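Features reported for this protein in Swiss-Prot:
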type     : residues : note
ACT_SITE : Glu80    : active site
ACT_SITE : Asp108   : active site
SITE     : Leu28    : site 'Important for efficient shutoff activity'
SITE     : Leu65    : site 'Important for efficient shutoff activity'
SITE     : Lys195   : site 'Important for efficient shutoff activity and nuclear localization'
SITE     : Lys198   : site 'Important for efficient shutoff activity and nuclear localization'
SITE     : Lys199   : site 'Important for efficient shutoff activity and nuclear localization'
SITE     : Lys202   : site 'Important for efficient shutoff activity'
SITE     : Lys203   : site 'Important for efficient shutoff activity'
SITE     : Lys206   : site 'Important for efficient shutoff activity'
Amino acid sequence: MEDFVRQCFNPMIVELAEKAMKEYGEDLKIETNKFAAICTHLEICFMYSDFHFINEQGESIVVELDDPNALLKHRFEIIEGRDRTMAWTVVNSICNTTGAEKPKFLPDLYDYKENRFIEIGVTRREVHIYYLEKANKIKSENTHIHIFSFTGEEMATKADYTLDDESRARIKTRLFTIRQEMANRGLWDSFVSPKEAKKQLKKDLKSQELCAGLPTKVSRRTSPALRILEPMWMDSNRTAALRASFLKCPKK
């Protein structure tokens, strides 16, 4: 599973996931399923934010081409992917600026258009079950919940899905691709079932075979959202090398 994750996800997402696990004292060599889950969640949070802006009229727009004359504000503030201290600093700043109620738990995003924090969930189970678990934990009407599954289902607070259909379809397609690639390599069952995960771990420890070539469909581009996070965790040389025009994504 670890080899699959390193080949399936953008290296910067992998590095952020490694840092998150280290912060909580978790061993990615052992908790390989959690490693995969964290990478998946990070990518979906960044995809949720990508290309969404607020124009001068306060309208939400999707922009995929760089227009230097456009005065745009990022619609979403990304909280997920930051270390806890920085994340809470961002949350406190948002609350002080907007008057939003401070959440009890760290959310994933803040939506400047709807003026609300957002909790993103990615589940291998039924979406309604995971939604209820999230809602019972958060216990706040001020945090919007949006759950995605690997089967294309989704559920959101008051059926308000925030994003346009195309943006959500992009997320669902990516999740379905991850599921298919795991299944092709015999990893999906262990990703879903704890019992199967233990069997897979024993198998992985015995044989450290590299994951066979992934499909060319898997994007290796740098998410615009990741570019925002770069300065907080990348050294200056790597940051300089990757710093490009915000909305110009390299294509293969």
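Even glycines carry a Cβ here, placed using N, Cα and C.
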Take the Cβ of Leu28 (site 'Important for efficient shutoff activity') and count every other Cβ within 10 Å, whichever protein chain it belongs to.
-> 20
Just the number: how many Å between the Cα atoms of Asp108 (active site) and Leu28 (site 'Important for efficient shutoff activity')?
-> 22
Within the same chain, the residues at least 6 apart in sequence whose Cβ is under 8 angstroms from that of Glu80 (active site) are His41, Leu42, Cys45, Ala87, Leu106, Asp108, Leu109, Ile120
